[in-house]
Amino acid sequence: MTLRIFDTGTRSLRDFEPIRPGHASIYLCGATPQTQPHIGHVRSGVAFDILRRWLIAQGLDVAFVRNVTDIDDKILTKAAENGRPWWEWVSTYEREFTWAYNQLGVLPPSVEPRATGHVTQMVEYMQRLIDNGFAYAAEGSVYFDVAAWTAAEGSDYGSLSGNRVEEMEQGETEITGKRGAHDFALWKAAKPGEPSWPTPWGDGRPGWHLECSAMATWYLGGEFDIHCGGLDLQFPHHENEIAQSHAAGDGFANYWMHNHWVTMSGEKMSKSLGNVLSVPNILDKVRPVELRYYLGSAHYRSMLEYSEGALLEAAAGYRRIEAFLTKVADVEAGQWTTEFEEAMNDDLAVPRALAEIHTQVRHGNSALAAGDVDKAHEIAASVRAMAAVLGVDPLDEKWLDSAASDSSTNAALDVLVQAELQRRTEARAAKDWATADEVRDRLHAAGITVTDTPDGPTWALNN
């Protein structure tokens, strides 16, 4: 079965056909390090790490570029407010993002370019746009001429977001010298006290959109397979990337993939709303692999509504996989099931893929209970293969090395708690409510919360 992905550009499911057979090229809009990473930031990293892992598992050689926007208005403002040099400020938080990605088992990118290291490529890109008649210099800045581009044959401006030009607001603060209200800055003229770089049009610094076109095409070529990012980047950032890239003569990305937000009480997690939960804060509640499991458990195009209950339920789900594999112990990864493959090839339907993993875990536990060790090993090998694609294989060195003692302790605890839960289930079936309540209360006194679900009871440690 061929991988089908939802292409935002065409608003349809499309078969993935890489430009070069056996290879895949992916560009992901990475961090703008201005503050501590929160779980909304890293959801994108986890979502497209799963895409990358699935392509690798299919035998493709994947070139994966994730940029760092290390200069922009917000970084300069934050650094100034805190009395710190801008480069020190951004370096501090870039390290925190790297730490967060590593904690969650996100594979390092093939290359992680910084905007400030690619000014030469940006200058070349701007010159091409000026030569083609789609950009102009004005008082030290360089702007993209939206009117000229929309009037050009083959222009598709607005097609990604579905917006009409007259409805678009670019949010640019610079207006001096702009020919049109919708034009956006490719290069911003130097201001006193701000960092700047020399160009033929004057000293200044990069505009937000230009950097990604320049870096993506520098490392992946003028045409590459997939461009990824958060839904909030669809407009204006990705729309403008497409415009300037096509206007420069590049085919750019063949597929566009966007992950949805993490929300709290229906609101997008955002620093401006004050509803963010930092990665270190969440890791006080669960292990890194459990947070990864949680962030990857919803479909990447679905909103992920955060609640502590949902986080702990996801952690309990991971522990069920972990407990089974720990009981089977020494087993190599085998082959995933057909159901898992069909789910992953259906636009990365991770909820279905996880459901298949848990189905196999139940079968494996039944085999162990029946004394069929060979069958249990066969199932465990399949479970390892499937969990590895999602980056949550409990027997992977990443998780064994980082939490070996926690892993064995939790697995042993799970065996004991499951025995108590089985006793409670039997008591409830016999309408022996006193015994059922006694088991629940004893677990609660030990710091364990029991939640009844359609698939049976789950448990989680209280904070």
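Positions of Cβ are set from backbone N, Cα and C atoms, glycine also.
Note that the structure is predicted; figures quoted are calculated from it, not measured.
Cβ contacts within 10 Å of Cys29 (Zn(2+) binding site), excluding its own Cβ and spanning all protein chains shown: 21. In the three-state DSSP assignment, the secondary structure recorded for Cys29 (Zn(2+) binding site) is strand. Annotation comment: Swiss-Prot describes Cys29, Cys212, His237, Glu241 as Zn(2+) binding site, evidence class sequence analysis.
Taken from Swiss-Prot, the feature motif ''HIGH' region' covers 31-41. Per-residue pLDDT, averaged over the motif ''HIGH' region' (31-41), rounds to 95.
Marked as motif ''KMSKS' region' by Swiss-Prot: 268-272. Long-range Cβ contacts of the motif ''KMSKS' region' (268-272) within its own chain (Cβ-Cβ under 8 Å, at least 6 residues beyond either end) map to 35, 38-40, 232, 261-262, 306.
In three-state terms derived from DSSP, Lys271 (ATP binding site) belongs to a helical segment. Sequence-distant contacts of Lys271 (ATP binding site), defined by Cβ-Cβ distance under 8 angstroms and a gap of at least six in the same chain, are Thr35, His38. The ATP binding site feature in Swiss-Prot is assigned to Lys271.
In sequence order, Cys29, Trp208, His209, Cys212, Gly229 constitute the residues six or more apart from His237 (Zn(2+) binding site) in its chain with CB-CB distances below 8 Å. Long-range Cβ proximity for Glu241 (Zn(2+) binding site), meaning a same-chain Cβ under 8 A and a gap of 6 or more residues, is found for His209, Cys212, Ser213, Ala216, His227, Phe252.
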